[in-house]
Amino acid sequence: MSVEEGMEVELKSEKMDLDDNIPDFVKETVERSGKNPMSLFSELYVHMTGNTPVFDFYNRNQPNGSMKFICVVILNGERIEGNVKSKKKEAKVSCSLKGLEVVLKHVSEYVVPAVKFEEKTTFFEMLREHTYAKFYELCKNNALIYGFEKVIASVFLKINGNLQIIALSTGNKGLRGDKIVNDGTALIDCHAEILARRGLLRFLYSEVLKFSTEPPNSIFTKGKNALVLKPGISFHLFINTAPCGVARIDKKLKPGTSDDLQNSSRLRFKIDKGMGTVLGGASEFEAPQTFDGIMMGERMRTMSCSDKLLRANVLGVQGAILSHFIDPIYYSSIAVAELNNADRLRKAVYSRAATFKPPAPFHVQDVEIGECQVEDTEQSTSAAARSTISSMNWNLADGNTEVVRTSDGMVHDKDMSGADITTPSRLCKKNMAELMITICTLTKTSVDYPISYEELKAGSQEYAAAKKSFITWLRQKDLGIWQRKPREFQMFTIN
């Protein structure tokens, strides 16, 4: 049994021990958070009061001479008492569950911490503050996303000095290999900065649609060959901790060694059911990944977030499909809070590819690197890097939150009868492609049906050529092998 499977079994076992009289919404909140009731209650308690909860225990002598316990905590002057239990830990769990019931019922009143926007706050600090303020605002309408913010990312739109958050996501895990599907409905990479970009895509799709119906109200205008951003518009990315890969691993390498020179710039990838990243230049990783191989137990490989951000600074954030209609769009700045080092981050997302010359209309974006705090503390890392079993996403176009189970990349909910239902995320390949087809229909753009997702991407020939050139260049510079997913992931038909 793997470590992750063992953790899941332990979590399920703990849920089975929950008190029967605890409301379902409390049990569901604990389950979705991936945390034990004591940890979750303590975090919410701190959010509400600014203090750590103090648990007191009282003995209850039984007629047979045995000892049982009751745990009590005070929340905003209210005494919260758990059920009588034979062990102190069980009593504390019971008290925490009762406390969660109180907290969640009052979440809309207490949940949003006071975020101070001071006049001297820097632009990048504003990104951080607005990100957390937005997240806690969303918690008011969906308490189940509490505790998801260990790794959080957001994208901001800046128009002539006015700043607006347009996408926000949390998460630091990905799809398990035994849960893969070939119909484009499952999210593969649920790391926060990756989902924030996909939320940005939803916004960009909505703006392209808006241009087709009311051009003056869209962020786009007509360019020479495609839509381009209007003057004064830029996009900015915030991440609360350094992206996995080069931006993070470089800190651990010894300066001046061959490892430092050779490995600190090389491509790295995430492996399913694993933590951290692996160098992508080894010969055993040259063979393409296969669908049946992953199904049979091979560990799926996904490029690190540092490498994906590097790609975005070369090919744009819009991806292949939107490139049918718009010119490349780049982040103007990337800001990181914990574990940030401006030199490391700059190397990760820009310097490694600075000498690459992509074909027009692409370029290597000299993105501005922002720092939201001075100290790079290890203590913050342990909290920020903790994996969660769920991820949330929000974007301005859709306007509501969505919770995704990272192990299968799907949205899990219950119908009116209480039965479990599973649906694709709005950020998945299939739903994004269907948005593209909607745009083609409204703009009367010819599409040869039936068409696969792979064919739709390949139709953006300039993007495909630039991507191929970039991947070839990376290998020629001995920076490693770009790991591609099996073709089956992109061969599904779009309706």
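Each Cβ is built from the backbone N, Cα and C atoms, and glycine gets one as well.
Broken down with DSSP, the domain 'DRBM' (36-105) shows 31 helix, 20 strand, 19 coil. For 36-105, the entry in Swiss-Prot reads domain 'DRBM'.
Per Swiss-Prot, the feature domain 'A to I editase' maps to 167-492.
Residues or ranges marked as Zn(2+) binding site in Swiss-Prot (evidence: sequence analysis): His191, Cys244, Cys305. In the structure as shown, the Cβ atom of Cys244 (Zn(2+) binding site) sits within 10 Å of 26 other Cβ atoms. Following the DSSP three-state reduction, the secondary structure of Cys244 (Zn(2+) binding site) is coil.
All chains included, 29 other C-beta atoms sit within 10 angstroms of the C-beta of Glu193 (active site, proton donor). Taken residue by residue with DSSP, Glu193 (active site, proton donor) is part of a helix. The active site, proton donor feature in Swiss-Prot is assigned to Glu193; the stated evidence is sequence analysis.
Looking at Glu193 (active site, proton donor) and Cys244 (Zn(2+) binding site), their Cα atoms lie 10 Å from each other. Apart from the site residues His191, Cys244, Cys305, the chain places the Cβ of Asn172, Asp189, Ala192, Glu193, Ile194, Pro243, Gly245, Lys270, Ser304, Ser306, Lys308 no farther than 8 Å from the centroid of the site's Cβ atoms, the recorded Zn(2+) location.
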